[in-house]
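The structure appears below as structure tokens.
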Amino acid sequence: MARPRHQPGGLCLLLLLLCQFMEDRSAQAGNCWLRQAKNGRCQVLYKTELSKEECCSTGRLSTSWTEEDVNDNTLFKWMIFNGGAPNCIPCKETCENVDCGPGKKCRMNKKNKPRCVCAPDCSNITWKGLVCGLDGKTYRNECALLKARCKEQPELQVQYQGKCKKTCRDVFCPGSSTCVVDQTNNAYCVTCNRICPEPTSSEQYLCGNDGVTYPSACHLRKATCLLGRSIGLAYEGKCIKAKSCDDIQCTGGKKCLWDFKVGRGRCSLCGELCPESKSEEPVCASDNATYASECAMKEAACSSGVLLEVKHSGSCNSISEDTEDEEEDEDQDYSFPISSILEW
């Protein structure tokens, strides 16, 4: 009886499928990383078993790829002990097809590597002079502020034109916003007509320096703005009838300082290191003592546990014309504790 012959076509088909499988495996083998470090190694693993084409299809400038198909233990050793994966291949060698996002452009650096740098569109800016930013800093122009926003402060905006001021005099706020001065004697533009949502938790309650309990930070801001003078935050939670600072629990590393003038406590940030700068201006405090700076005054208050506030700039024994101007502004009761409200 004749034996059945093996068809050579079937064997060829099997070999072809095997080669295709191996080719697919080699194309898929590899690891995708989110960045290439300065040491040349890949760091921050994004996904395993990706081909270079799949890994680099995102268009991210920092994405890199390694072709080694290794086990989890090796990956762990690379990331923890070796500073990243070796043989790191960056997806982008040039700026071609690189998407840096709004306000940024791709440029080749000194090492001939593509990098995304801040390059905001300043062509439509009409005011070329100084501007005061929401961070209380003066910028040489709006374009410089936009660059600062791009680098590290995404919420940064222009408050008003001109340098940042210590009074509301000559400050022109845009739109319906109003100029007020916070507890650090910096002028800000704020809007009062904000609708505050109802509080969803009792933890949102705040006690104001006026002894009134406010449902939320939004309600305290709005009340301050409508009142046109400083209220300020005493402490978190509902107001209590405290006899001393022992009855008040401060959070967030704050310390209770007692205000003998009104018989209430106030939680304040302490432990701030005062800079050794000769440019700091002395201040006259509410205890009629002169301190080298506002920071030195706060330091003394934290040390004694008694609240101190700035009466005016300069020595208590000499009131300058500028101080009289400031007192004139204080009579208008422009003071808004933005810094004390927004810090939490």
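The backbone N, Cα and C atoms fix where each Cβ goes, glycine too.
Among the features that Swiss-Prot reports, domain 'Follistatin-like 1' is placed at 94-117. Same-chain residues lying 6 or more positions outside the domain 'Follistatin-like 1' (94-117) and placing a CB less than 8 Å from one of its CB atoms are 59-61, 146, 149-150.
The annotation domain 'Kazal-like 2' is assigned in Swiss-Prot to 186-241 on the grounds of sequence analysis.
When Cβ-Cβ distances below 8 Å are used as the criterion, the domain 'Follistatin-like 3' (244-268) is approached by residues 209, 211, 232-237, 286, 298, 301-302, 305-308, 344 of the same chain, each at least six residues removed from its ends. The domain 'Follistatin-like 3' feature in Swiss-Prot is assigned to 244-268.
As annotated by Swiss-Prot, domain 'Kazal-like 3' applies to 261-318.
Annotation comment: Swiss-Prot describes ASN124 (among others) as N-linked glycosylation site. Under a cutoff of 8 A between CB atoms, and with a sequence separation of 6+ in the same chain, ASN124 (N-linked glycosylation site) has no neighbours.
Marked as N-linked glycosylation site by Swiss-Prot: ASN288 (among others). Taking the Cβ of ASN288 (N-linked glycosylation site) as reference, residues of its chain lying under 8 Å away and at least six apart in sequence are, in sequence order, LYS311, CYS316. According to its DSSP assignment, ASN288 (N-linked glycosylation site) is coil.
Summarising the annotation, Swiss-Prot assigns region 'Disordered' to 316-344.
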Overall pLDDT for the domain 'Kazal-like 2' (186-241), taken as the rounded mean: 84
